[in-house]
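What TrEMBL annotates here:
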type	residues	note
ACT_SITE	ASP128	active site, proton acceptor
BINDING	LYS15, LYS34, GLU83, TYR84, ALA85, GLU132, ASN133, ASP146	ATP binding site
CROSSLNK	LYS130	SUMO2 cross-link
DOMAIN	5-255	domain 'Protein kinase'
Amino acid sequence: MIEDFEIGRPLGKGKFGSVFMARSKEERVVVALKVMFKDQIRKHHVQHQVKREIEIQYHLRHPNILRLRGYFHDQCRVYIILEYADAGELYSRLKKKGRLEEIEAGRYVRQLADALNYCHAKGVIHRDIKPENILLDGKGNVKIADFGWAVVSNQSRRETVCGTLDYLPPEMLNGKTHDHTVDNWAVGILLYEMLVGRPPFEYPDQNQTLQAIMSCRFMIPPFVREGPSDLIRKLVVREPCLRLSLTGVLEHPWVVSMSKSTAVRQPTPVPSATVVASDS
């Protein structure tokens, strides 16, 4: 129940509600409390999507996946209790730094590939990997969040178009069925954005972006070294069956070499505000 929590500052706002920093009164554990309004959920006909998100994320247990600790609801709202990632979104870090150093990008790619490999082994496809959905803790660890577009594949192929345009693979844009390799593509796009500072298919005109994705036409700047360039080229591949597996990502020489270094600069945690008692 909401009375079991002290509610603090807002952490973010979405279409269906907001996320707040909170603390459980009994355990004194700081969490992120996602509050969604039922009328907005019904208005946009996403009841099934919200239920699926909760069911999928609740059963996932991996150090690089944001933990869903529980959920409850009242007459007007749905509350989801999430692990608190105190360094915020990867998106904010990229916006602040422009682009990341190789060693940091390599660490994130390794953790992301390991977490997605775990998801795929469970039959779960995330389908919306992007900087906004990757959170970071104070130790510089990735936490995959927002499973709103995730599905349990059961070895079948899906047809629903979802996700963010810059990160969508060709098979989703042209209406073909897709499988878990859409996540592999997204890992390659994310690596490119972390090292270059923008996605590979970013154009002012949406039609240009669509055409570039469909033809898989992109350039890697010369300042990106051969190791990560090779990995990007093996992931951002038009044919899904030719994309490097996530096990292949973990075994890639560049990823292995980055994981051996301990000189990763940790992200600065988001300053904690005083948690105040809720009036609810």
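A Cβ is built for glycine as well, from the same backbone N, Cα and C atoms used for every other residue.
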Item to check | Cα-to-Cα gap, LYS15 (ATP binding site) vs the residue listed as 'active site, proton acceptor', nearest whole Å | outcome: 16
Next on the checklist: I'd like to confirm something. Which of the binding-site residues, GLU83, TYR84, ASP146, has a Cα closest to the Cα of LYS130 (SUMO2 cross-link)?
Outcome noted: ASP146
Checklist entry - When you measure from the Cβ of LYS130 (SUMO2 cross-link), how many other Cβ atoms are you left with inside 10 Å? => result 19
Next on the checklist: I'd like to know which of the binding-site residues LYS34, GLU83, TYR84, ALA85, ASP146 sit within 10 A of the residue listed as 'active site, proton acceptor' at the Cα level.
Outcome noted: ASP146
Checklist outcome for this item: Taking every pair from LYS15, LYS34, GLU83, TYR84, ALA85, GLU132, ASN133, ASP146 (the record's ATP binders), the biggest C-alpha distance in Å rounds to 21
